[in-house]
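What TrEMBL records for Arg70, Glu122 is substrate binding site. TrEMBL lists Glu122, Asp148 with the feature Mg(2+) binding site. The domain 'HpcH/HpaI aldolase/citrate lyase' feature in TrEMBL is assigned to 9-216.
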Amino acid sequence: MDPRQRPYRSVLYIPGSKERALDKARSLPVDAIIFDLEDAVAADEKDNARETLKAALAQGGYGARVKIVRINGLDTPWGHADAEAVRDMDADVVLLPKVGGAADVDALAAITGDLPIWAMMETPRGMLNAAQIAAHPLLTGFVMGTNDLAKELQTRFRADRLPMMSSLGLCLLAAKAEGLIAIDGVYNAFKDGEGLAAECAQGRDMGFDGKTLIHPAQVEIANTAFAPSEAEIDLARRQIAAFAEVEASGQGVAVVDGKIVENLHVATAREVLAKAEAILALQAG
Ligand SMILES: CC(C)(COP(=O)(O)OP(=O)(O)OC[C@H]1O[C@@H](n2cnc3c(N)ncnc32)[C@H](O)[C@@H]1OP(=O)(O)O)[C@@H](O)C(=O)NCCC(=O)NCCSC(=O)C[C@H](O)C(=O)O
Ligand SMILES: [Mg+2]
């Protein structure tokens, strides 16, 4: 499947140290999992977590879910050992935290070889260097680290995320320019479904592919928000049909629901249908 068409609606963090959560994830309807060795794992558990995760991935059972391992930074006491361990794990992607520039990605690639790399975008320097990070040949995805970003920017958390908008926008521009997957940051209040749904809707409107999550209760909300709705699917079908009709009569513009439809709208409509089909295929196993 074209990686751009693969669904990444729900991307769940699981602490690499928590065996019960590692097991539970085998049955959760998530599109991807971030197996975390960084912030979700206490310092004195780091070495054990690496071994626990290695065993869980060797055991398998995660099906079609994309397996992403977030290591500790290479400037920490655990980063190098994590990177060396990931090389031998059954992982699809290695996720590097607090990426500041393309040189950070190079340093990881020197250890992990040709394993695809995703970058946590969560520092002011990373924001300013988003374009060069996105252009790295091994980089295939961005994950927004909105907690670290808020800390570094000394912003307040607001429901409208206004203080975060320039950073989210910069990363989206860089990701789209290079054809990367772009995943939005976490919503910390994991019992607040309404707040999560609103933030997912905002992220989807902005162009993110999905949302990082911290608790199983968040999964269905993200899966719904980042999937094409029935109304979008219906509109896409009608736009394609209407355009085909006018095109056959030598015209370049159709009108559907009082709005123009040109070939670029048809391209978007085809993407909507392809995404819906990819979700169905994933669900069918
Ligand atoms: C937030 C939690 C600490 C809550 O844990 P807990 O109190 O155990 O929740 P529940 O009792 O409601 O759990 C119910 C069952 O679900 C399983 N569970 C819980 N969380 C997960 C999970 N993330 N993945 C899989 N399974 C999970 C429990 O084991 C229970 O199972 P069972 O007993 O079988 O019914 C906890 O949810 C948690 O630790 N979440 C992850 C936190 C995390 O990963 N944080 C780091 C990522 S956020 C970040 O760093 C972003 C970025 O870097 C930034 O800067 O923004
Ligand atoms: Mg972070």
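Start at 1 and count along the chain as shown; that gives each residue its number.
Yeah, the Cβs are placed from backbone N, Cα and C, and that goes for glycine too.
Cβ neighbours within 10 Å of Arg70 (substrate binding site), excluding its own Cβ and spanning all shown chains: 26. The Cβ of Asp148 has fewer other Cβ atoms within 10 Å than any other of the binding-site residues Glu122, Asp148.
Under 6 Å, Cβ to nearest atom of ligand 2: this is the test, and of the binding-site residues Arg70, Glu122, Asp148 it is passed by Glu122, Asp148. DSSP assigns Asp148 (Mg(2+) binding site) to a helix in the three-state reduction. A Cβ distance below 6 Å to any atom of ligand 1 is met, among the binding-site residues Arg70, Glu122, Asp148, by Glu122, Asp148. Cα to Cα, Glu122 (substrate binding site) and Asp148 (Mg(2+) binding site) are separated by 6 Å. A distance of 15 Å separates the Cα atom of Asp148 (Mg(2+) binding site) from that of Arg70 (substrate binding site).
DSSP gives Arg70 (substrate binding site) a strand state.
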